[in-house]
Amino acid sequence: MGAKDRRMASRLAYHYFRMGNAAGQSEFPLQLAIAEFLCSEESTVAELLLPALYPAIHAPLDEKVALLEKHTPFRFLEVFPLLDQLSAGIDPRRFVLGLFEQPDLFLRLRPRYAANVIATLERAGIDFRRVGDFTVALPNGTALARIPGLAGNYEVQDYSSQQTGRFFRASSGESWWDACAGAGGKSLLLLDSYPGVQLLVSDMRGSILRNLDERFQAAGIQSYRQKIIDFTKKDTAAVLGREQFDGIILDVPCSGSGTWGRTPEMIAAFQAGAIRRFGALQRQIAGQVVKHLKPGKPLIYITCSVFAEENEGVVRYLQDHHHLHLEHMEVLQGYHHRADSMFAARLIMKRL
Ligand SMILES: C[S@@+](CC[C@H](N)C(=O)[O-])C[C@H]1O[C@@H](n2cnc3c(N)ncnc32)[C@H](O)[C@@H]1O
């Protein structure tokens, strides 16, 4: 295929998956036409197979959904499985409508370079939207690497992920642990806001920690400690002894259901039993980590899931079994910002 064909095939596949389980009983070409009508503003497939509806392809999503429900086998409530398992703060209708659009690409600008990034994007004629002092949104596929003068001035980080930084509230000189650090997105957010923090990063995967090292190097961060820890294999005391931290970030492995707007193939493929398995893993990891939290200090629990069992369920477990009290928890509703949806909670270790 040529580049244009590949783009078309990719677009059809993405739109098809965005429909999740809805219209699963129809013939495949009709499913594609429904998906195209729903997710785009121009489509030869929809024009051919849904000629009566096609004039409404520019209508708001709510109207397109109503038309499809009236005239085709498409059923809105069948798009997303497990609507009954959503966290309390998720608006089910807005959330499902959000799945029909690809979220934007978000940048977090390093505070001291923000003005340079904005000026460079403007000079390069890039179409972008400012979402906050240090956040910009761009259409997906914007080729940032080709623009000179930007490297090291920003991080690619989803809007909701950036919002989790509001929960940190660290102080200079404190010692913090990012216990599921991955490639370091939350660690970089922490250190950009609180450069005086002493940081330990850990993850079960050495390979992802090498990515973290590269990102830290590009950001000019040299002073941090790193360990490989798998919370299902070892008691953390074997690696950390009795070390206690002033703050712990715990961005746990999860279903990723808040990010399915970017990976819509997951909508129909996801198995309900996985929620229970993730919940059990999250409780196990959290139970190990909090042994290293000083009394009066915060655990920042984060997921990119929209399921209650992975969110409020784990918070309740920590309150009931591990002497933590809940200061604040919030579902970060990405669908208001063309972003992912996430969950964050700030829990404080009780003083004995
Ligand atoms: C949501 S990702 C972390 C993303 C990262 N905090 C960021 O902002 O870029 C979860 C991480 O948990 C790690 N993980 C999964 N199971 C684990 C386990 N049993 N012990 C330790 N880390 C684990 C994964 O390797 C993954 O990097």
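A Cβ is built for glycine as well, from the same backbone N, Cα and C atoms used for every other residue.
Remember, it's a predicted structure, so these values are computed and weren't measured experimentally.
Listed in TrEMBL:
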ACT_SITE  C304  active site, nucleophile
BINDING   D203, D230, D251  S-adenosyl-L-methionine binding site
DOMAIN    82-352  domain 'SAM-dependent MTase RsmB/NOP-type'
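Around D251 (S-adenosyl-L-methionine binding site), a 10 Å sphere centred on its CB holds 22 further CB atoms from the protein chains shown. Annotation for the binding-site residues D203, D230: lowest Cβ count within 10 Å of the residue's own Cβ, D230.
Spatially, by CA atoms, the binding-site residues D203, D230, D251 include one closest to C304 (active site, nucleophile), and that is D251. There are 24 other CB atoms within 10 A of the CB of C304 (active site, nucleophile), with all protein chains counted.
Highlighted in sequence order, A179, C180, A181, G182, S202, M204, R205, I208, I229, F231, P253 have their Cβ within 8 Å of the centre of the Cβ atoms of D203, D230, D251, the residues recorded for S-adenosyl-L-methionine, and are not part of that set. Take D203, D230, D251, the residues named in the record as contacts for S-adenosyl-L-methionine: the widest Cα to Cα gap among them comes to 14 Å. The predicted model assigns the domain 'SAM-dependent MTase RsmB/NOP-type' (82-352) a mean pLDDT of 96. DSSP assigns D251 (S-adenosyl-L-methionine binding site) to a strand in the three-state reduction.
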